[in-house]
Amino acid sequence: MAEELSAATSYTEDDFYCPVCQEVLKTPVRTAACQHVFCRKCFLTAMRESGIHCPLCRGNVTRRERACPERALDLENIMRKFSGSCRCCAKQIKFYRMRHHYKSCKKYQDEYGVSSIIPNFQISQDSVGNSNRSETSASDNIETYQENTGSSGHPTFKCPLCQESNFTRQRLLDHCNSNHLFQIVPVTCPICVSLPWGDPSQVTRNFVSHLNQRHQFDYGEFVNLQLDEETQYQTAVEESFQVNI
């Protein structure tokens, strides 16, 4: 299928994954100057936090783009035509349906946990039947995140595989890849738990793989972790009215 995709278009499977959330693109938008593509939600959140720069290459993004990014309709159409392999069960799924598949893929849930990077806190029940995440629990996680933030401004974590502590996200990633790469033990991800949408009952089967897939960047660079999703997007909408189109 990958060969068919390459032969028919100039795209590869990697082009269908958002560089911010590292998931299959949802409502893809494209920057005008550097032509990088992101999920619309990821892009708007990044613009809210990082200002005038592309989240990937730090290229300039116009004021109009920051409020109303251009849909990558060509890419959306390609995603409706071609399939790719689920990263866990290897089932062939149309790219535009991949996120929906993750919600019902038990292997994906076991491997990576909750499939949405910035979930809706009002969802009453997740895809595997876990209890809903309330705004109160999100507030508790924000307090935990702040308490774990060191003098450098970056939160620190304990390795759940050896209990060594005081790791920043990057140091934890390096530590686990160096010392626990082939250690597959069900644990709870300390980074996920510290985030406003984190679920302390969510167990990750392969922690090191989860780190490499989910935590290659600091969420705080793209998301204001003291605001819930609804507040962030309401702010983005309000700011869009101030843009001179």
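Here the Cβ of each residue, glycine as well, is placed from N, Cα and C on the backbone.
Bear in mind that the values here come from a model prediction, so they are computed numbers and not experimental data.
What Swiss-Prot says about this protein:
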- Cys86, Cys89, His101, Cys105: Zn(2+) binding site (BINDING)
- 225-243: domain 'UIM' (DOMAIN)
- Ala2: N-acetylalanine (MOD_RES)
- 128-153: region 'Disordered' (REGION)
- 18-58: zinc finger (ZN_FING)
- 86-105: zinc finger (ZN_FING)
- 157-180: zinc finger (ZN_FING)
- 187-215: zinc finger (ZN_FING)
*asked:* Six or more residues beyond either end and a Cβ under 8 Å away: which residues meet both conditions relative to the zinc finger (86-105)?
replied: 1, 16, 23-26, 76, 78-80, 111-112, 115, 127, 213
*Within 8 Å of the Cβ centroid of the Zn(2+) site residues Cys86, Cys89, His101, Cys105, which other residues of the same chain have their Cβ?*
Arg87, Cys88, Ala90, Lys91, Ile93, Met98, Tyr102, Ser104, Lys107, Tyr108
*DSSP on Cys86 (Zn(2+) binding site), three-state: which is it?*
coil
*Counting each residue once, how many in the zinc finger (18-58) are helix, strand and coil under DSSP?*
11 helix, 8 strand, 22 coil
*Starting from the Cβ of His101 (Zn(2+) binding site), draw a 10 Å sphere and report how many other Cβ atoms land inside it.*
17
*Based on DSSP, name the secondary structure state of Cys105 (Zn(2+) binding site): helix, strand or coil.*
coil
_Counts by DSSP class (helix H/G/I, strand E/B, coil) across the zinc finger (157-180)_ = 11 helix, 2 strand, 11 coil
